[in-house]
Amino acid sequence: MLDTLQKHGHCEVDTARIYGFGSTEEHLAQLKWQERGIAVGTKLTAKKIGPKEYSHKKESLKPGLSESLKALGSERVDTFYLHTPDHNTPYAETLEAVNELYKAGYFKKFGICNYAAWEVAQICELCNANGWKKPDIYQGAYSALQRNIETELFPCLRYYGISFYSFSPLAGGMLTDRYGRETSEYEGGNRFDPNNARGFYRKLYWNEPTFAALDIIRPLAQKHGMTTTKAALRWISHHSAMKGDKGDAVVIGSSSAEQLESNLSNLEKGPLPEDLVQAFEEAWSVVKVNTAPYFA
């Protein structure tokens, strides 16, 4: 899949200490990501990961990052993220420790994920006041079915000069043609399986407003010879609040090289027909009152 990624002119790979309990970082090391010219960003979550428990306290940040670096087989990464807020640790303590790690050369860019806009502002003001490394990137969920970040978060990020990386641009898979109201069978490990530990996606999207929104999008996509996936990726590329000149980017997850090839190709295609753009707007008006908060 790295070959496919680089063939399309991309070099960034996103991972986290919690993904596969560290195994994804180890797998990247086996793939010799550094020799390929890949830029890796990893995240530290304030929770128990396997036998170890992490926080965003000063005494936990360096060991947590060190575990990631060891797994990746590297002395540094391109981006280090705080993976969801640690509300048990004062931000000043965390940010001072992050700044020390930055000055020591462990990473080039600093990122945060899943923080509320007011928290982003507080973080940036603390960093500015103390001369600490300010966040370069905010990573959050954003798709045609989850746009509540547009109202307050995007203006905040623009004010502080922070780029936005969108994960889950297909709303966990709902913006495909795989699922409908009648779906009752799921592949093993499926994120919409109510018996799966990852079934929290079901709580986010498996509801009547979501299916009503899909009823609006899918016929128009079919009319123009597109899958829902293709339409959703073209929407986020051309009709969302994301701006390439601000350093914004889409984080694409794929289970195969073929799927990655398809998703990257769809992101490269042009704007949507106007009636399909309007269908996405109408779909958002249906689901927005039912949308979960963008922050943790």
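Cβ coordinates come from backbone N, Cα and C, glycine included.
Residues annotated as active site, proton donor in Swiss-Prot: Tyr19. In sequence order, Glu25 make up the list of same-chain residues 6 or more apart from Tyr19 (active site, proton donor) whose Cβ falls under 8 Å from its Cβ.
Reduced to three states, the DSSP call for Gly172 (NADP(+) binding site) is helix. If you look up Swiss-Prot, you'll see Asp14, 113-114, Gln139, 168-178, Arg191, 255-263 marked as NADP(+) binding site.
Swiss-Prot lists His83, Tyr201 with the feature substrate binding site. In sequence order, Gly172, Gly173, Arg191, Phe192 are the residues near Tyr201 (substrate binding site), counting only same-chain partners six or more apart with C-beta under 8 A. According to DSSP, Tyr201 (substrate binding site) is assigned to a helical segment.
Secondary structure from DSSP puts Lys47 (site 'Lowers pKa of active site Tyr') in coil. Swiss-Prot lists Lys47 with the feature site 'Lowers pKa of active site Tyr'.
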Asn263 (NADP(+) binding site): secondary structure state under DSSP, collapsed to three categories: helix
Position of peak Cβ density within 10 Å, selected from the recorded positions Lys47, His83: His83
Fewest-neighbour residue among binding-site residues, criterion Cβ within 10 Å, set Ser168, Thr176, Ser255, Gln259, Asn263: Ser255
